[in-house]
Amino acid sequence: MNWVNKSVPQEFILLVFSDQPWLEIPPFVMFLFSYILTIFGNLTIILVSHVDFKLHTPMYFFLSNLSLLDLCYTTSTVPQMLVNICNTRKVISYGGCVAQLFIFLALGSTECLLLAVMCFDRFVAICRPLHYSIIMHQRLCFQLAAASWISGFSNSVLQSTWTLKMPLCGHKEVDHFFCEVPALLKLSCVDTTANEAELFFISVLFLLIPVTLILISYAFIVQAVLRIQSAEGQRKAFGTCGSHLIVVSLFYGTAISMYLQPPSPSSKDRGKMVSLFCGIIAPMLNPLIYTLRNKEVKEAFKRLVAKSLLNQEIRNMQMISFAKDTVLTYLTNFSASCPIFVITIENYCNLPQRKFP
């Protein structure tokens with residue numbers, strides 16, 4: 001038991017951060033800027049999808065789930081990275097590392113399945129348009145989203161448990177930006193072949209199978225779009241599917257290169273850069289891709305801004321009216337004792353003069 005306790009460090013040292021302060025400024029600014037854009041973009045999509053009645057459709061329900069994923073995905077890593085860049089000691093506690101590992105795995109696995117679900121939604125909308133409302137009913141949408149979340153978190157529980165059970169024998173230097181399965185397996189002092197095989201199998205299950213189904217679905221989608229007679233209909237269909245296809249390419253491309261490529265001398269540094277792109281850059285780009293290419297989202301955002309400005313103007317008018325009524329009430333009550341003063345105020349405000357007893 002003592003050997004097991006000694007094998008678990010109290011904290012991990014992250015080696016990828018530089019000790020030179022002048023080298024830390026560019027990544028700090030880049031990570032902070034990306035994080036702010038990610039927060040703003042994904043919160044905007046969630047808010048617009050929830051508030052605007054025209055966006056209460058399966059497509060935007062799944063899109064808001066994706067935005068929530070990206071929001072949490074980035075929040076699980078970037079704040080700790082910003083803290084480490086600013087501090088002299090580049091460390092993360094054991095509990096923080098466990099939480100980061102679990103959340104990163106859970107949200108990444110969920111996104112793998114959710115992107116496939118979103119592709120199924122587009123397949124039904126384009127290839128079965130007359131049956132779309134019957135097939136993609138509200139209950140099925142909730143079931144598909146719940147299945148994605150539950151499967152992702154279940155996979156994270158298994159992988160995190162298997163990874164953290166490996167004895168570290170006092171090793172605590174993580175050559176990565178954050179806690180991730182491949183980086184933690186390298187700290188183990190025993191053979192990790194079984195864990196690497198398990199990781200490869202899970203990667204095939206959550207990456208290759210969904211992306212294969214997505215490619216097959218898009219083959220049918222392209223055939224259906226080409227059969228559309230109107231150019232406007234084709235352009236709208238390709239625009240909607242194009243945004244999703246770009247997001248799919250970014251996510252699955254980086255994830256497959258990170259988990260399924262054979263090891264090579266340059267694979268370690270490439271894996272760190274790919275993880276950085278997948279965990280920070282991709283969540284920032286997803287809202288931009290969907291909003292810039294989606295006319296409905298842009299119009300809904302404009303309606304939301306216009307509604308907010310109108311509500312603010314109404315509140316200002318109500319405050320002015322309330323202040324005016326308050327002043328007039330006070331003047332009315334005050335008129336008996338100071339009629340000359342009230343007449344002067346009413347003349348100044350262009351109010352109708354009243355007769356005093």
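Residue numbering: from 1, along the chain as shown.
Backbone N, Cα and C define each Cβ position, glycine as well.
Straight from Swiss-Prot, the features:
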type     : residues : note
DISULFID : C97-C189 : disulfide bond
CARBOHYD : N5       : N-linked glycosylation site
TOPO_DOM : 1-25     : topological domain 'Extracellular'
TOPO_DOM : 50-57    : topological domain 'Cytoplasmic'
TOPO_DOM : 80-100   : topological domain 'Extracellular'
TOPO_DOM : 121-139  : topological domain 'Cytoplasmic'
TOPO_DOM : 159-195  : topological domain 'Extracellular'
TOPO_DOM : 220-236  : topological domain 'Cytoplasmic'
TOPO_DOM : 260-272  : topological domain 'Extracellular'
TOPO_DOM : 293-357  : topological domain 'Cytoplasmic'
TRANSMEM : 26-49    : transmembrane segment
TRANSMEM : 58-79    : transmembrane segment
TRANSMEM : 101-120  : transmembrane segment
TRANSMEM : 140-158  : transmembrane segment
TRANSMEM : 196-219  : transmembrane segment
TRANSMEM : 237-259  : transmembrane segment
TRANSMEM : 273-292  : transmembrane segment
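Sorting each residue of the topological domain 'Extracellular' (159-195) by its DSSP state yields 14 helix, 2 strand, 21 coil. The transmembrane segment (58-79) makes no contact with the transmembrane segment (196-219), as judged by fewer than three Cβ pairs under 8 Å among residues 6 or more apart in sequence. Between the disulfide-bonded residues C97, C189, C97 has the most other Cβ atoms inside 10 Å of its own Cβ, all protein chains included. According to DSSP, C97 (disulfide bond) is assigned to a helical segment. In the predicted model, the topological domain 'Extracellular' (159-195) has a mean pLDDT of 81.
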